[in-house]
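Below you'll find the structure, written out as structure tokens, and then a few comments.
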Amino acid sequence: MKILVDENMPYARDLFSRLGEVTAVPGRPIPVAQLADADALMVRSVTKVNESLLAGKPIKFVGTATAGTDHVDEAWLKQAGIGFSAAPGCNAIAVVEYVFSSLLMLAERDGFSLHERTVGIVGVGNVGRRLQARLEALGITTLLCDPPRADRGDEGDFRSLNELVQHADILTFHTPLFKDGPYKTLHLADEKLIRSLKPGAILINACRGAVVDNTALLTCLNEGQKLSVVLDVWEGEPELNVELLKKVDIGTPHIAGYTLEGKARGTTQVFEAYSKFIGHEQHVALDTLLPAPEFGRITLHGPLDQPTLKRLVHLVYDVRRDDAPLRKVAGIPGEFDKLRKNYLERREWSSLYVICDDASAASLLCKLGFNAVHHPAR
């Protein structure tokens, strides 16, 4: 049994070698010749999986180690009788922590408290729900917009997108990309929406590039609209609008979900799905794969305030480390993908062990995802 895996899927070679012969290949582009005798293909979001790639090939199963699936033609796979699995929620925590790192940086730079801001969350799936929970743990007001979930009657106080635009100081997008249909998200943030945002609002896109109309956004920024912008995703990736990058406050190369934990979850989820598909079901404990955290333990004295939270968050991950490299190489062919391929190891907040002498600080840090314990001062 021959299994092709994206060369940038961590732990993929070791895990999938339990099931067959593994060959690691680049994800963009997939070497077509390698598909001629392969039984399974494991990809990331950079690989377009459709009829033109797989027609006439012996592939029986496709796995994507990503939460999003808009790079996969699922309808054609089903029609062709090819098994498929994604990894929903695998990088949700990573994206939430990216958003927090960005907001805490902007709050420090511009001198505001997040408690004074209302956050509108567009898309309340794996990422949106976790983001809501962590924001509300801090006492920050959230507004939720998710028309598909609202129409299904899912639990939640869902508002219209117009309401979020009117009332939110921060608008953050966490939707799939739907190019048409009743829940179309292509250019959901169009010129009209962008112009309607509150003065000084913060716009964040960490889902799919085309959810925000990049041309319209650049037009508004060029005209002097007072707006802070965080973009991790771009229309036309791996190409991007260099002029837009110059205008945004934070710009990164589609790495919001790139924690070691998130990547490992994605790999293990598709590994488990494929093992079940071939009748050799196996399960993997994530902590058996991950290396020891870079930091040992941190001692925190007193209650948790915003500056202290910012220091803890940026100790684990400061978004500026990914902004600067993109600006240096933007517009150079191949460099966007190179930044992603050679991405520095990044951990999640749970990798930081915090000893608190304040019980409320320990409790709050645990709710936020840190590995915190309370030890009273002696």
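Cβ coordinates come from backbone N, Cα and C, glycine included.
Per Swiss-Prot, the candidate among T118, T175, T288 that belongs to the NAD(+) site alongside D146, D232, G257 is T175. In sequence order, N91, A94, R340, Y343, R346 make up the list of same-chain residues 6 or more apart from Y258 (substrate binding site) whose Cβ falls under 8 Å from its Cβ. Within 10 Å of the C-beta of G257 (NAD(+) binding site) there are 26 other C-beta atoms, taking all protein chains into account. Calculated from their C-alpha atoms, the gap between S45 (substrate binding site) and T175 (NAD(+) binding site) amounts to 15 Å. The Cα of G257 (NAD(+) binding site) lies closest to that of T66, out of the recorded positions T66, R208, E237.
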